[in-house]
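Structure first, then comments.
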Amino acid sequence: MRRFANIRANIHANIHANISANIRANIHANIHANISANIRTNIRANIRANIRANIRANIHANIRANIHANIHANISANICANIRANIRANIRANIRANIRANIHANIHAVLQFEFQTVLKSSALVFDASRRFFIRFSDSSNLKRHQSVHTGEKRYGCAHCGKRFAQSGSLKVHMTVHTDCKQFRCAYCGKTFISGSHLWRHVTVHGGEKRFTPTFQ
């Protein structure tokens, strides 16, 4: 009886041991299968999400870049030809104005006056530094020239009080009061108070610029 009892006990223990082993194996296999399935599902979902996000980001970036490039291209293409011409004209005018201003400033910066009692040759003398001097034969010529810069008018008309910087200008003005017209047109006989007036008149005739001085 004891022997059969032991056999039954062993069989029962083996059955339970096998069942427990199979259950554990199945549970373990199911756990791994579920985990693998979940991992694969999550990986696929993440990959798809990342791909979609990257595609959207690239599409938006390309769209923005293309829109920006097209805007600049259209702006450049649509600028009016007149605006471009005006811009060029303004640039040229500013350049010319700056050049003139610089030249004028440089001339006054390097212009120096010297007085010499005897002047034999040219009025302009250049030195090694490329600066030039205006020389005058006497002090009266120097003062006459300086009046151009100072604005001094030393010569006054005795009839009307009008003043002039040079005596020659006063002489021309005096003809207004004396009615002295000593320059006569060779074509029509009309007389003028100065040679420059006669020269301008002669262009009306279209001929050679000649004048006949007369003394009345």
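Just so it is clear, glycine is given a Cβ too, placed from its N, Cα and C backbone atoms.
Features reported for this protein in TrEMBL:
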DOMAIN    155-182  domain 'C2H2-type'
DOMAIN    183-210  domain 'C2H2-type'
Q | the domain 'C2H2-type' (183-210) - residue tally per DSSP class, helix then strand then coil | A | 11 helix, 5 strand, 12 coil
Q.
Please list the DSSP helix, strand and coil residue counts for the domain 'C2H2-type' (155-182).
A. 12 helix, 4 strand, 12 coil
